[in-house]
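Database features, via Swiss-Prot:
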BINDING   H58  O2 binding site
BINDING   H87  heme b binding site
DOMAIN    1-141  domain 'Globin'
MOD_RES   K7  N6-succinyllysine
MOD_RES   K16  N6-acetyllysine
MOD_RES   Y24  phosphotyrosine
MOD_RES   K40  N6-succinyllysine
MOD_RES   S49  phosphoserine
MOD_RES   S102  phosphoserine
MOD_RES   T108  phosphothreonine
MOD_RES   S124  phosphoserine
MOD_RES   S131  phosphoserine
MOD_RES   T134  phosphothreonine
MOD_RES   T137  phosphothreonine
MOD_RES   S138  phosphoserine
Amino acid sequence: VLSPEDKNHVRSTWDKIGGHGAEYGAEALERMFTSFPTTKTYFPHFDVSHGSAQVKAHGKKVADALANAAGHLDDLPGALSALSDLHAHKLRVDPVNFKLLSHCLLVTLANHHPAEFTPGVHASLDKFLASVSTVLTSKYR
């Protein structure tokens, strides 16, 4: 459960990301594909090379979904219901991949915002991304 302080950290971070969401989302995906090559199996139709238009487009989708979630912290299941259905029933993404992408996103954010990425912010963002992952995998059961 996200505390009021966690929610403030999440909202503040997403405000600071501003127009860089798509860029950071794509960078996190590239980082995931490089660090965890088996994740590429879910994107057989993608050019997963650095700077790929497909990775950039999917990075924007990831960033937009997380921005939506950050705007609905009190109703993550409602905000992410359609994405949960998509990932569970159509795409059938292994739930461990959400943890891998979350880790890569945290590294990306820390790299771009080192001064703001305090231990407290890191912990709050980790809890937020874990909550998002839990919601996205909730319909697997």
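Heads up, the Cβ atoms here are built off N, Cα and C, so glycines get one too.
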The residue listed as 'heme b binding site' in three-state DSSP notation: helix
S131 (phosphoserine) to T137 (phosphothreonine) - Cα separation in whole Å: 10
Residues of the domain 'Globin' (1-141) by DSSP state, where helix covers H, G and I: 110 helix, 0 strand, 31 coil
List of residues, in chain order, with Cβ under 8 A from that of H58 (O2 binding site) and at least 6 apart: G25, A26, L29, F43, F46
Neighbour count (Cβ, 10 Å) for T137 (phosphothreonine): 19
K7, K16 as modified residues, winner by CB count within 10 A: K7
Packing count at K40 (N6-succinyllysine) (other Cβ atoms within 10 Å of its Cβ): 13
Candidates K7, K40, T108, T137, namely the modified residues, that fall within 10 Å of the residue listed as 'phosphotyrosine' by Cα distance: T108
